[in-house]
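Comments concern the structure below.
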Amino acid sequence: MVPVIALVGRPNVGKSTLFNRLTRSRDAIVGDLSGLTRDRQYGEAKWQGRTYIVIDTGGISGDEEGIDAKMAEQSLQAIEEADAVLFLVDARAGMTASDQMIGEHLRRRNKRSFLVVNKVDNLDVDLARAEFSPMGLGEPLAIAGAHGRGITQMLEAVLGIFPKDAGEPEEGAEAEEEVQEGQEAKRIPGPSEKDGIKLAIIGRPNVGKSTLVNRMLGEERVIVYDQAGTTRDSIYIPFERDDEKYTLIDTAGVRRRGKIFEAVEKFSVVKTLQAIQDSNVVVFVMDAREGVVDHDLNLLGFVLESGRALVIALNKWDGMDQGQKDYVKTELERRLFFVDFADIHFISALHGTGVGHLYKSVQAAFHSAVTRWPTSRLTQILEDAVSDHAPPLVNGRRIKLRYAHLGGANPPLIVIHGNQVDAVPRAYTRYLENTFRRVLKLVGTPIRIEYKGGENPYEGNKNKLTDRQVNKKRRLMSHHKKAEKKRKDKRK
């Protein structure tokens, strides 16, 4: 399970600054979702190959009223959601009554907490830490969030308490074994495939995720899974269809079949982000009657940035007239252009219409995401693409793209080597992405392209001459000087 870390503290102690610094490696932030995360912002971050989720909260001062009280309530809720808490204090302001109140709350909750003394730049670090040591939350960690000082030591301490998931492959691990030249493209099973394709059902509240989950598992099955753990835990349900194994990651909560139609699903951003990270393929459920809303776009953006294979399901399609259907299709084409690689299905989870067709798209998306190709195949596609549409000129020189190889899978990462690659326009990268997708027949998975510049192996090396060459050089220089002197004498 991906660790969840909450940032809490008084207002203006640097929580948002630290949040932005931690999540900058992956610009995939789900935040300010109306009515859901109004006062909490969620982001994904990576450090030394480990993924974790960060929650940024509003400040707590202890005397809140009105909207400030709501912000404090959201902060306390974030503490309950998190696996660990970074409690930020301001070294310049010193310890306050609000700091002591928050520290007391953390001690009572018995939550794994780390006291982080921020803004220690230009201060005596030892004195700053000593002032907050009596709070009883362990040895304070000193950082300067705005300048990045102390962040590495802080992350070592925090992430060190979480065991690495032995079943979670490192990014790009699927592509470590090189496909030999002349071999066909092949798929190497990942560690998760023994339990089948991990399938996450994601979507806004009340779009029909519960109904779809039960439909996929079989109408006669009453879901009574009630696993021990915190309220963040998703439910993992193995099942088979047509001799294919799947593991369904259910984020919609524990429910009984007789109640799912009346129940209002509780939406948890943490559950959603963790399910996306742990899945192989995401089935994104939307309400056809409501069309595409901003919340859908936010969640789809996170799926795209996570690199997971994607299938889109428009639910409640059967209750619409033809005019409404035509309008929704137009909106899908207009607003979902950034995930145009994903198959879209129009279904009714309640009546089962179209649900069976989802599996074919799930299988196709998964296989596209993990298939690997030899360098010769990718380089040939690159050469054909460059031949059809050459890269632009930069300062009068043509960008040269020499060869391509696979750098990772799920999602496919294609590494292209060449010269002046820093100047490749985004439009040309998009052209290459579409070309690789079309030729390799990739469906349902994002594709990423990374450039690497050519390196001159002789750069910085001096040309070493032999003794004979050195003597010859001296003779030539001496001869040149004598000839130059004779020319000057003649002019006189």
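Cβ coordinates come from backbone N, Cα and C, glycine included.
As recorded in Swiss-Prot:
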type	residues	note
BINDING	9-16, 56-60, 118-121	GTP 1 binding site
BINDING	203-210, 250-254, 315-318	GTP 2 binding site
COMPBIAS	168-181	compositional bias 'Acidic residues'
COMPBIAS	461-470	compositional bias 'Basic and acidic residues'
COMPBIAS	471-492	compositional bias 'Basic residues'
DOMAIN	3-166	domain 'EngA-type G 1'
DOMAIN	197-370	domain 'EngA-type G 2'
DOMAIN	371-455	domain 'KH-like'
REGION	166-190	region 'Disordered'
REGION	453-492	region 'Disordered'
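The structure, with features from Swiss-Prot marked on it.
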{"residue": "Val120", "record": "GTP 1 binding site", "contacts (Cβ under 8 Å, 6+ apart)": "Ala91, Ala128, Ala142, Ile143, Ala144, Arg149, Gly150"}
{"residue": "Gly203", "record": "GTP 2 binding site", "contacts (Cβ under 8 Å, 6+ apart)": "Lys209, Phe284, Val285, Met286, Asp296, Leu299"}
{"residue": "Trp317", "record": "GTP 2 binding site", "contacts (Cβ under 8 Å, 6+ apart)": "Ala288, Lys325, Phe346, Ile347, Ser348, Thr353, Gly354"}
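In the compositional bias 'Basic residues' (471-492), helix, strand and coil residues by DSSP number 21 helix, 0 strand, 1 coil.
Here the C-alpha separation of Gly9 (GTP 1 binding site) and Asn206 (GTP 2 binding site) works out to 33 Å. You'll find the Cα of Asn12 (GTP 1 binding site) roughly 36 Å from the Cα of Asn206 (GTP 2 binding site). Look at the domain 'KH-like' (371-455): DSSP puts its residues at 32 helix, 28 strand, 25 coil.
Looking at Lys15 (GTP 1 binding site) and Asn206 (GTP 2 binding site), their Cα atoms lie 32 Å from each other. A gap of 26 Å separates the Cα atoms of Asn206 (GTP 2 binding site) and Thr57 (GTP 1 binding site).
Among the listed binding-site residues, namely Asn12, Thr57, the Cβ with the most fellow Cβ atoms inside 10 Å is that of Thr57.
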